[in-house]
Amino acid sequence: MTSTPDFRAAILALALGAFAIGTSEFAAMGLLPYFAADLALTEPQAGHVISAYALGVVVGAPVTAMLGARLPRRRYLAALMAFYGVVNLLAAFMPGLATLVGVRFLAGLPHGGFLGVAMLYAADALPVGQRARGAARVLLGLTIANIVGVPLAGWMGQSIGWRWGFALPGVIALLSAWLILRVAPRVGGNPDARPWDELAALRNPRVLWVLAVGAIGFGGLFAVYAFLTAAILATTDAPGYVIPLTLAAFGVGGTLGTWGAGRLTEILGIDRAAFASLAAMAATQGFAALVVGSWPLMVLSSFLIAAGAGLVIPLQTRLMDVAGSAQNMAAAMNHAAFNAANALGPFLAGLALAAGWGWRAPGLVGVALTAAGAVVLTIAVRQDRKARRTASGAAATAG
């Protein structure tokens, strides 16, 4: 299949959907102090709103991946994005914690399925040698969201109300759904596909170990970032522009960190790059704990924790190597794993705050989770080497 203007427009529409997802997911962290104050919640209670979205991704990823194996991709992607837009708009009207948590859980359901199927659609729209480029263009929407969308939503939450910050990605998602239907060429599903075959990825221990590294190790990042704006407001006299600046610093740091992690993986190899990323994450999260009370250094810590979090690149590479034919499910579950981290990190940091550990607690929890991720990675590497030796021995015996 060759690239055409229609497919280029389709990839742009999909990237806009990824932009909506990235804005919605991370803007909730910047909006936390504002909806907590408006709804009379403590910061740990408000953290449940973030965890609910992440749990929605974890639950929805395998289901949407299985459904997407057979359905026509164009209509399926548009339907997922339309649903995403509606529930994000509903979040702007929720009157209390229980309803907001419920709607944010629903918002997380299409997250993994949309990104996984969109990346496959974009990859198939380009020649074989350019498939990775198509997937990267979709994910560019996530990157831009952290630089533009999330700070904009944070500014809206600060200036005109947190409900507008939730409504923004809802409107963008509906626009993306409309554009997908208008400009994306029809690409039929695979009627011969057997959705249950995708579950093979979840029966592969090597896949599960990689997913566990992301779910635990990345929890440290979210433990710190989820409460960073609340910590700035609670411990400093920062001027109003600092919150959007903090969110933008995170986006820029993440962009540079992702690029750097790609180069690092090429130089060091997958395993060494993963361990190096975990070491950088632990160091930057420890720094975040030390600088609480100084808003300039807390803004710097936002940049550093994102820049150091390049773990996603070596993990994604390893996942592709061990997933076999279940690439659909593996791609979706990778997003689920990182959102499990998004649930775990804020939950544990919230418990530490509720226990009276103070605003340094999220950073300390982050270091502990990252260290636990390193332990799991060590086990994963050993299991992988053992599996390879077994396979090599079997091949030699057969020969």
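Positions of Cβ are set from backbone N, Cα and C atoms, glycine also.
What TrEMBL lists as domain 'Major facilitator superfamily (MFS) profile' is 10-385.
The transmembrane segment annotation in TrEMBL covers 50-69 (among others).
What TrEMBL records for 76-97 (among others) is transmembrane segment.
What TrEMBL records for 103-123 (among others) is transmembrane segment.
As annotated by TrEMBL, transmembrane segment applies to 135-156 (among others). Long-range contacts of the transmembrane segment (135-156) within the same chain, counting only residues at least 6 positions beyond its ends with a Cβ under 8 Å from a Cβ of the stretch, are 11, 14-23, 26-27, 30-31, 115, 118-120, 122-123, 164-166, 168-169, 172, 229, 243-245, 247-248, 250-252, 254-255, 258, 306.
The transmembrane segment annotation in TrEMBL covers 162-181 (among others).
Taken from TrEMBL, the feature transmembrane segment applies to 207-235 (among others). Remote same-chain partners of the transmembrane segment (207-235), defined as residues 6 or more beyond its termini with a Cβ less than 8 Å from a stretch Cβ, comprise 26, 29-30, 32-33, 36, 43, 47, 50, 54, 154, 201, 242-243, 246-247, 250, 274, 278, 281-282, 285, 288, 292-293, 295, 298, 301-302, 305-306, 309, 311-312, 315, 318-319, 322-323, 326, 330, 333-334, 336-338, 340-342, 344-346, 348-350, 353, 359, 362-363, 365-370, 372-374, 376-377, 379-380, 383-384.
Note on the transmembrane segment (241-261): residues 26-27, 30, 143, 145-148, 150-152, 154-155, 158, 225, 228-229, 232-233, 273, 277, 295, 298-300, 302-314 of its chain, located 6 or more positions outside it, place their CB under 8 angstroms from a CB of the stretch. According to TrEMBL, the transmembrane segment annotation covers 241-261 (among others).
With a cut-off of 8 Å between Cβ atoms, the residues of this chain six or more beyond the transmembrane segment (273-291) that come close are 213, 217, 220-221, 223-224, 228, 261, 264-265, 267, 297-298, 300-301, 304-305, 307-311, 313-315, 318, 360-364, 366-367, 370-371, 373-374, 377. Here TrEMBL flags 273-291 (among others) as transmembrane segment.
The transmembrane segment annotation in TrEMBL covers 297-315 (among others).
Annotation source TrEMBL lists transmembrane segment at 336-357 (among others). When Cβ-Cβ distances below 8 Å are used as the criterion, the transmembrane segment (336-357) is approached by residues 25, 42-45, 47-48, 50-51, 53-58, 61-62, 108, 111-112, 211-212, 214-224, 226-227, 312, 364-366, 369 of the same chain, each at least six residues removed from its ends.
The transmembrane segment annotation in TrEMBL covers 363-381 (among others).
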